[in-house]
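**Q** First the structure, which I've put down as structure tokens, then a few questions once you've had a look.
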Amino acid sequence: MAKTKNLQRYCSIVGAHFIRSPYSFMWIYGNLSAYTDSYFRFACYPKCWDWDPQWLLSLYVAGMFPGYFMVKPLEKIFGLRWTGIIAMVMFNAAVFGSAWSQQVSIILTAVMYGALLGTGAGISSSVTIQMVSGWAPEKAAVLVALTSGTATLLSVVQNQIITAFVNPNNLKPDANIGPKTYFSQREILDRVPSVLLIHGAITMGLQLIGYLLISNPPKPSHEATADTAVLEKHSADELEEWAANSSSHTKNDQSMKDYGSNSLSKTGIDALDLSNHSRDDRIGDFNIETVEEKEETNNIYSYTPKEVLRSPVFYAVCFFGIAIEYGLLLKANFYKKFALLYIHNDKYLTLVGTLVPIISTGSRVLFGTLMDKSLLSLKDVAIIGLSLNCVLCAFWYISARVNAILYMFLVLGLAAAQSLMYVVLPTAALRLFGPVHLSTNYGLLASCTFICSILSPVITSPFLHAFGWPWVFITGSVCSLLVLCYVTLTNFNTKV
């Protein structure tokens, strides 16, 4: 039985890495959008450019938010494993459908990304966190970092496939419209719909492997444990009282002169038995009290969603997520589109995008491990991420104009800083607010991504056309600076 449980535990943790693969879309979009935006502009049906393509990624991120809250009701009906399978169907239907919708309309593609692609990714993300925390709660921080890191590592391969398939000859963008540059070459544009099908096939295959491996995690029975402890304590108290009374009777019997040696021998044996019972009771009481104290300690950190909303640290973590997510959306949307204005090497910029998930994964694992070993606190990690994001966004515009190598290091630094969001948010949900309402509380924390994804296109597009690229990146720096001050002054204590 124990061997079977260990095998299920191992397979489920490995499978959780595969079912998180939909999140790789976040990391390939920066490379892919350079081609899809060009396709919307020059290759699809007339009047296809009916919206800002920046909304594609924003609605995808916003769509994750309802996905987080759908997990708990779906889990009650279908179980955690089948909930993930439903998410897999939703996600891949949107990926394959977008190969057609992008030939028709930006709005239709954006709605599909928000309603299906993002929602499916959100459900998969929450299922992964519950799967890992259910099977290995003692290593939740580093394992959650690893599972999210798998999706980013997958994008390493996908980014290379995308560029090798769409632009094998490393052609330069040849059309400038406003502050942006585009590819208008037919040999590039004709391949764009097919590359989405390739992306969908890779993701679906990995998800199928993951769902074949995982099993539903064991559910903690807090109530049953508490009832058992109460019954055991009542039994121990009654036994202790009986032992005391028996010992008193034994002493009286020993003082009586008319008892013979046989009676004294029996009495000695009874007293020895009672003494052993009393010792066992004391050991039992110690164990019961230890269990009760442990459960009481665990219950302290299990807050209901209403209690979470009254906690100051909840808003500190949310603001952290908004600032980091805003910078992440800037990077995902513009790291390549902006750089192509000054660095005319598509394959080099794809290489930069390929290194991003490697650095991101390393950063997550490093800081997740440091948190598990209590070398850094949750607040320390949040402050480090905000500080780096603030400084690097301030120098974003200058770096691309100075040197391609400097720009690569700046983008990789941003990747390291922004990846900490995927460590801080799920770890905060589990460690600060407890495992009982994990999916709902994580959804509340992840609401920051919903808010930011809606505000980001509203802010960046007007800034870009009115003030140019420098001020777009400055908004990311200022946002991180303001939140850094708030987080630094916040006491990370979950008492409400």
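Keep in mind that glycine also has a Cβ here, set from the backbone N, Cα and C atoms.
TrEMBL labels come from automatic prediction, so no person has curated them.
Note that the structure is a prediction, hence the values are computed from the model and not measured.
Got these off TrEMBL a minute ago, pasting:
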TRANSMEM  55-71  transmembrane segment
TRANSMEM  78-100  transmembrane segment
TRANSMEM  106-129  transmembrane segment
TRANSMEM  141-162  transmembrane segment
TRANSMEM  196-214  transmembrane segment
TRANSMEM  312-329  transmembrane segment
TRANSMEM  349-369  transmembrane segment
TRANSMEM  381-398  transmembrane segment
TRANSMEM  404-430  transmembrane segment
TRANSMEM  442-463  transmembrane segment
TRANSMEM  469-489  transmembrane segment
**Q** Any chance the transmembrane segment (312-329) and the transmembrane segment (442-463) have 3 or more Cβ pairs under 8 A, given the pairs are 6 or more apart in sequence?
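**A** Yes; at least 3 Cβ pairs under 8 Å.
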**Q** Under a Cβ pair cut-off of under 8 Å, which of the recorded stretches 106-129, 349-369, 469-489 contacts the transmembrane segment (55-71) most often?
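**A** Result: 106-129.
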**Q** Counting only pairs at least 6 apart in sequence, do the transmembrane segment (381-398) and the transmembrane segment (469-489) share 3+ Cβ pairs under 8 Å?
**A** yes
**Q** Other than its close neighbours in sequence, what residues sit by the transmembrane segment (469-489), given a CB gap under 8 Å and a spacing of at least six beyond its ends?
**A** 179, 316, 319-320, 322-324, 326-327, 330, 334, 338, 379, 382-383, 386-387, 389-391, 393-394, 396-397, 459-460, 463
**Q** Could you pull out which residues elsewhere in the chain have a CB under 8 Å from any CB of the transmembrane segment (404-430), counting only those six or more residues past its ends?
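**A** Those are 129, 133, 137, 140-141, 144-145, 148, 152, 313, 317, 320-321, 324-325, 327-328, 331, 335, 339, 343, 345, 348, 352, 355-357, 359-364, 367-368, 371, 378, 381-382, 384-386, 388-389, 392-393, 395-396, 438, 441-442, 445-446, 448, in sequence order.
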**Q** Would you kindly list the residues that approach the transmembrane segment (78-100) from elsewhere in its chain, counting only those six or more residues past its ends and only Cβ-Cβ distances under 8 Å?
**A** 19, 22, 67, 71, 109, 112-113, 115-117, 119-124, 127, 130-131, 134, 193-194, 196-197, 199-200, 203-204, 207-208, 210-211, 214-217
**Q** Who are the long-range neighbours of the transmembrane segment (349-369) in its own chain, taking Cβ under 8 Å and residues 6 or more past its ends?
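**A** Distant contacts of the transmembrane segment (349-369): 24, 27-28, 30-31, 141-146, 148-156, 159-160, 162-163, 335-336, 339-340, 343, 376, 381, 384, 407-408, 411-412, 415-420, 422-423, 427.
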**Q** How about long-range neighbours of the transmembrane segment (106-129): same chain, 6 or more residues beyond its ends, C-beta under 8 Å?
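**A** Beyond its ends, the transmembrane segment (106-129) has Cβ neighbours at 16, 19-20, 22-23, 25, 40, 48-53, 55-57, 59-68, 70-71, 74, 80, 83-84, 86-95, 97-98, 144, 147-148, 207, 426, 429-430, 438-439, 442-443, 446.
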